[in-house]
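Student: Here's a structure for you.
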Amino acid sequence: MRHISIFGTSSDAGKSTLTFVIAKILQRAGIRVAPFKAQNVSNNARVCDDGSEIAIAQSFQAEVLAIPTSYHLNPILLKSGINGQASVIVEGQVISQQDVLEYYRDLDTLKPAVQRCFETLAKMYDCIVAEGAGSPVELNLMDKDLSNIFIAKHYQTKIILVADIEKGGVFASVWGTYNLLPADLRSNVIGVIINKFRGDLSLFDEGIRIIEQAFKIPVLGVLPYMPFNLGFEDNASLQNFVQQPRQKKLKIGVIAYPYMSNYNDFEPLIADDEVLLEFINSPISLEHFDGVILPGSKLVIEDLHWLKTNGLFEQLQQRRKPIFAICGGYEMLFEQLHDPERIENLEPTTATGLGLIDDEIYFAKNKILNKAEYPIFGLNIAGFEMHHGISQKYPLYFQKDNIQGTFIHQVFDHNAFRTQYLRAICAQYQGFDFQLYKTEQINNFIEACRKRLNVKLILEAIQDQ
C-alpha cells in the first residue's frame, strides 16, 4: 500500500486538519494508519506516551486515531527562541540551540532520523499520512525540504494537494504548486481538495470544471469553511477560533505574550458556552475580567520583561481577583527567576518575578518531560510537564487566596477541576463534559468532510500498483 503526503498550496491551508481527516477515513476503512510530519516548527508541543516531545498537531492527530504517541510521529521539532535561534528537538530530545542558517547547513545530518522514524512507522502501519510544511514548491529551499519533497521523493508517496480558497487566488496557487513540482511527483498527485469555501458550494462548480479540464487535476472535494476549535497548532490557528456570541456567565482573559506556548490548554474554555475567553496582547485594564490566566511561555524571562514594559506586571501584582498560571506563567509568579545555564537567554540571567509565590525558580539544563496523573488541587489530574524551571517548595502547584498555578498542562481538560475552579468564581457556573464535546466535534467534522470527499478515488490510488 502506498503512503500519502498532504501538501498545502499555501501556509495554513488546512494540512494538519486534513491529515487527521484523511487518516481517520482510511482507518475506518480497515487500514492501519499513522500521522507523520518530518519537521515541524511550533512552540506548541506535548509529551508523548514514551516520554519524548512532539508538536501538538501530530499528538492531536494520533489522539483522533487513538494510537500511541511517540517521537516517530514528528522526528524533528523546532521551537523558536531569542535572536533568531531555535531549539532543535530530534527524536523527542533537545539536541542544540541553533540559528536558522546553522540548522539548514546541518540538515543532511538530520535526514537519517527522519528515515528511521518513517520506516519504523511503516513496519507498524499500512499507510502513513505525512503532513507537509508550508508550500512544497519554495524553489530556493526544495533541496532542504524535509517535510514535503524529501518524504515524497524518497518514499514515492501519493500526494493530495490542499488549497485554501478563503485567501483568494486559488486557481493560481493550485496550478502553480502542481506545475512547479518535479515531474515524478506530479505523476503521484491524486488530486486537490478545495478548503474553507464560504457560501453555496454549487457556486464553485465552474471552478471544479476549470481545475479538472484545463489543469488536468482531479478535484477530490470542496469543503465548506467549518469552525473547529480543537488542535490549535500555531498563532494563525489561534486567531481563527470561534465562540458563540450568546450571554456568558464568566469573562476570562489569557495574557498572550509574544512567546506564548501551548494554546491548547484553553480549548476547553473556548468550547464552554458559559465562558467568554479573550486573549490579551496589549496593556488594557484587567479589572473587567473575572479571571486572568498566565499561559505557558517558550521564553519566560523575555515574556516577563514584556509584562513589565506595558503595565500588565503591576496590574497582576495588585490584582485581588483570581489569577491562574500554567508552566511558564506559573514560573512568573515566583519572586526571582534564575537562568545560570543560559537555557533561555544569551547570558546568565536573573529576573524579578511577580512575587506572588514565596520561592525562586532555577532553570535546570535537563528539561523535565513527564506524562502522568498528578495529585494537584485536591484531585488526580491527567496532564504533562514540559519545563526547565524548578521550584523546591512548590514543585507541582501552588494554591493560596486568589492565586493558583501549576507546571501541569491540560488541567482545564479535567471536567471536575474546571468546574470546581470556575464555580468558585461564579456560583451559577454549571460546567460541561469536555471529553464528550471533543469526541462529538471530531466525529461530526470528519463525517462532514467525508461526505464531500471522493474517498473511493483516494482508496484506489493508494493500492499497490
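Cβ from N, Cα, C; glycine included.
When I checked Swiss-Prot for this same protein, it listed these features:
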ACT_SITE  Cys327  active site, nucleophile
ACT_SITE  His409  active site
DOMAIN    249-417  domain 'GATase cobBQ-type'
Student: Need one number: mean pLDDT over the domain 'GATase cobBQ-type' (249-417).
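Tutor: Computed over the domain 'GATase cobBQ-type' (249-417), the mean pLDDT is 97 on the 0 to 100 scale.
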Student: Measure from the CA atom of the residue listed as 'active site, nucleophile' to the CA atom of the residue listed as 'active site' and give the result in Å, rounded to a whole number.
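Tutor: Per the Cα atoms, the residue listed as 'active site' and the residue listed as 'active site, nucleophile' stand 7 Å apart.
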Student: For His409 (active site), what is the secondary structure by DSSP, using just helix, strand and coil?
Tutor: strand
Student: Are there any residues in the same chain, six or more apart in sequence, whose C-beta is under 8 angstroms from the C-beta of Cys327 (active site, nucleophile), and if so which?
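Tutor: Counting only residues 6 or more apart in sequence, the Cβ neighbours of Cys327 (active site, nucleophile) under 8 Å are Ser261, Asn262, Pro295, Gly296, Ser297, Glu385, Met386, His387, Thr406, Phe407, Ile408, His409.
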